[in-house]
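Peer 1: Got a structure here, written out as structure tokens. Questions coming.
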Amino acid sequence: MPLALYDTWSRTVRPFTPIRAGQVGMYGCGPTVYDDAHIGNLRTYVFEDLLRRVLERNGYAVRHVVNITDVGHLTSDADEGEDKMEKGSRRTGESAWAIARRYTEAFVRDWHALNLLEPTIWCRATDHIAEQIAFIETLDRAGYVYRTDDGLYFDTSRQDDYGYLARLDRAGLQAGKRVALGGKRSITDFALWKFSPADVQRQMEWDSPWGRGFPGWHIECSAMSAKYLGTLFDIHCGGEDHIAVHHSNEIAQTRAAHGTQLANYWMHGHFLTLDVHTKMSKSSGDFVRLQTLQRRGVDPLAYRYLCLTAHYRSKLHFTWESLDAAQTALNRLRHLYIGWPDGGRVDADFAARFDAEVNEDLNLPRALAVLWDLVRSNLPPATLKATVDSFDMVLGLGLREWRPVAVDVPEHVRALLGERARARAEKDWAQADRIREALSAEGWRVEDTPEGQRLFGMAMGASEPDVPPQ
């Protein structure tokens, strides 16, 4: 079936039609690099990677641009508080520039660990100050800019449909405001350029026609997407937390400057939650980093697999139990895959079923079900491998690259594994769990399979020691 995608602007799933035949321009809002990304952030990038892979499976050449916010993102999205980069500098004692480099490198490591395709272009906000100033000048000439004591602001009252992406009730927001506007005319107006305080030496500041300072958060994406994709491109992605503020403001800027709504399709991923109601976020302190998973012996691709189990527009509830289940499923798939021979052909019927699911707004949970139906089928092993290979071009689980790695297992670990096998045979589940935790504390991961226990080392990936199932 033809590709159809959910568009936040229209609130509908609609057929995908590119601006230029066979080509797609796609922009994703990247991280603010003042700290490590958490796995909730990374879920959004897994969704965007899956989108790109599905587009490429449908024959499109994708020009994929991802920005790095390394200046201008204040601690409050309402243009209040301290620049997150400067705050990170005070927290660590490093310069803001060093903070940006360190966390950009960490983010790119996470990106690669999750087997995300390399963007066509990475673009940093600090490398595009001139473009942002030029964009603000265009807005100023068009009459959308006014000045306050602390900076230049965008006048949202000039656009009757401002906030349509989020279906904002502007009148209700204005009537119910509970904060001082600090010179802003409206609660929805937002900063384009912030002035450096006269008595403060900032680490990140630049000269501009209006005075020394730094750009607001939203202007970077309008300016950089215009440079690399044009003033109207196909798809703009991000987390759903960007809808009400950041993406609404990007649209406002670009419509004022160029008369377009920036992108023809707006796509947003849902939150990862730590419990039924709590969104994972740095500001709340409720978050888990990818490195946390790795230290516990979890392959990052197990987290990618977990992301496949929920539709990108649905909440994904994170638990260690669900992650363990994802690791077990991934390891089972890997061990099956590595035993199949090469030389087969893709099964057309299963491929058609898989494509029908991924082309229906990226329904990866159902596509994953097709994969397991395939694995359980009676098709020849070489056909299974060729077809799973084809699916993995979308799933991105790196099956062809994976290899088990033998490691030495100390005798006392083998003894604990034997004790645990006896405890399970005697249905002493509490003792079996205690031994599992003891092994985990020493850097070993135990999985229970239909064939018995499997022991894995804590090396990245499912490194299997030379211990037979027990």
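Numbering starts at 1 and runs along the chain as displayed.
Glycine is no exception: its Cβ is also placed from the backbone N, Cα and C atoms.
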Peer 1: Can you identify, from 154-158, 279-283, 359-363, the stretch that Swiss-Prot calls motif ''KMSKS' region'?
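Peer 2: The listed stretch tagged motif ''KMSKS' region' in Swiss-Prot is 279-283.
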Peer 1: Pick from 31-41, 240-250, 339-349: which range has motif ''HIGH' region' per Swiss-Prot?
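Peer 2: Within the set 31-41, 240-250, 339-349, Swiss-Prot attaches motif ''HIGH' region' to 31-41.
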Peer 1: With every protein chain in view, what's the tally of Cβ atoms within 10 Å of the Cβ of Cys29 (Zn(2+) binding site), excluding that atom itself?
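Peer 2: Its Cβ shell of radius 10 Å holds 22 other Cβ atoms.
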Peer 1: For Glu250 (Zn(2+) binding site), write down the residues of its own chain that are at least 6 apart in sequence and whose Cβ falls under 8 Å from its Cβ; none is a fine answer.
Peer 2: His218, Cys221, Ser222, Ser225, His236, Leu262
Peer 1: Write out, in the order they occur in the sequence, the residues of the chain not among Cys29, Cys221, His246, Glu250 that have a C-beta within 8 Å of the mean position of the C-beta atoms of the recorded Zn(2+) site.
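Peer 2: Counting only non-site residues, the set is Asn67, Trp217, His218, Glu220, Ser222, His236, Gly238, His242, His247, Asn249.
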Peer 1: Under a three-state reduction of DSSP output, how is Cys221 (Zn(2+) binding site) classified: helix, strand, or coil?
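Peer 2: In three-state terms, Cys221 (Zn(2+) binding site) counts as helix.
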